[in-house]
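Trainee: I grabbed these lines from TrEMBL:
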type: BINDING; residues: B:126, B:172; note: ATP binding site
type: BINDING; residues: B:199; note: substrate binding site
């Protein structure tokens, strides 16, 4: 299994490409996670728009360079808005990320609606271990949006889901793993305090969408987004007391990452 | 009147119980307050889910260990979602917290809808002085969500409301008071900058729900949540410049509280 | 062109008036920006309420001392709620601020709905350069909510829009400009990191509404709000690492501004 870090050359290329092209990224997410997601995108130089206003799902999903749909957007939007955004992205060839947050946590109508989005061919599916195990057909083990499984327990699930859905599948946790068909990559690092910051997973989905919108190779883009997240978390670690100052330091470090070699 | 602080033994027991059991807590609140509430729950180890998506109100309110309903959820949900969540919690025996935010501030249709939730027997009702004076039948004196009364002026109102509603009633401000029938307890401390952090009251409701979900005695749970809040605010005081860094330091300190004696 | 700064005498008078009168300010905005807007209002001593709950638009818009409507509120409210709030503010003589965020960014149904709000005579229209150039009838050049034009390129557009709409028009960017008919004022300063904080523009609209609600002269109120923003940003500059700690330091400094001479 190959390991990807900040020192893997294409990671900095992807960051440079985001900073240069400033891709416009459209997202549907829930209000709990929206502000952090927007700030993560702004930190790396992308331009975010979030929300299902009027005719935005179609217009913005087809006009954006990348789209992410966090299924918890269903808190303040109906499934129709998500369907329209996913369909518009798919038809326009805009890469899009599906985050089936809280899948398998006990709401079957919700789960069915989220699964229905797969017909619009997401480029990447990302989530935590519990969500992706459930989404791939395994037993639901989550409590709301918190996982009760380790990412290493989800390796079979993400590979299986990648083959089923024809998508890149990424699971985040202490170590992140990304599956593309039968290939699996590991991205180590991060900081456990990231699990105490609401929306941190959703914002990773937004960053993946930005990377997809700025870099031609979807697998490299997905891996790079995870490696950028891990690097910013590692740099933030020594600058924080508890969970809230960690969140601040983490976004700070994302905004300060420089793609040039020796810039550290 | 008994005073409760971090040094009251059951306070640390409640914190230990939250950290051990990591209760899943479901909330309906407004988007202004949602992110802070989620981060407060994550800071103490609880697992939050927030929002009225599809069939979540019933499923999550009956499956959660605690529920809080901030009436300002009516900003992005209709009253039906709140009714369904309150009814489901009541029928499942899940303890739930009602926060009648902005009650009496000038919107009679809103006030009537909020009052209607009382039939579902909230375990705890919490708010600021203006809101609870109005909710207990007194004159409305608030401006939006800001109070214009001192908590000590609300002692009669919270005792009366506690008897009327058969609920624990808690008022927060410079000194917090909690009424259970004719008994009233004081929780001193906190920091005035907390009144400059939007959603701080709502997030206290979330923390009460987490305490209710982890500890068998609802009165002790309610008192402990207030004492944890006051302790974190006191520890944050010296670490902050203005209102925003205070919010960061406050959540940090919640995430760093250790229930063990001598852990300070 | 006159330049307005923290040292212009009426700026401190406006701040003193906000801190003394603590005006109740009602806003309709999107959930991405709502929390920062509320915290900015609380930082200067105003009392915020945000959201379209039930009959709040009419009651709160007519009862508030100032109202701001960020058109991206359409993410979680329908146009009818915005219409009702704008009409109620206009009929009650409550000053109100229109922020046509993302106008001209590619969603014509949205643009038409936003333009329709002009019949309710906003006191102030504020936005970034791309939005205001498009709103005044020029070419749309924005990508979502990010501008692609300099504020100095918008001077003709804001003067024209001011005359057309009979409103004060303010454009924010590296240097802010405010037009009242043919007069244009400059407010220099700020910090580029403010453009990496989501909702910073929307929260400026909220602060303008607070200034309008506390000070009798709408032009001075609008100029003062911009100068307070620039001063807080300048004071925050040395206290921050990246974009997130800048946001924290900025709100801190707003909460610490003292109107007394020599208080710095």
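Cβ coordinates are placed from backbone N, Cα and C, and glycine is handled just like the others.
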Trainee: Can you check which residues sit near residue B:172 (ATP binding site), meaning Cβ under 8 Å from its Cβ, same chain, 6 or more apart in sequence, and list them in order?
Mentor: B:126, B:127, B:128, B:151, B:190, B:201, B:204, B:226
Trainee: Out of B:126, B:199, which of these binding-site residues shows the lowest number of other CB atoms within 10 Å of its CB?
Mentor: B:199
Trainee: Among the binding-site residues B:126, B:172, B:199, say which ones reach under 8 Å of chain C by Cβ distance, listed as they appear in sequence.
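Mentor: The answer, in sequence order, is B:199.
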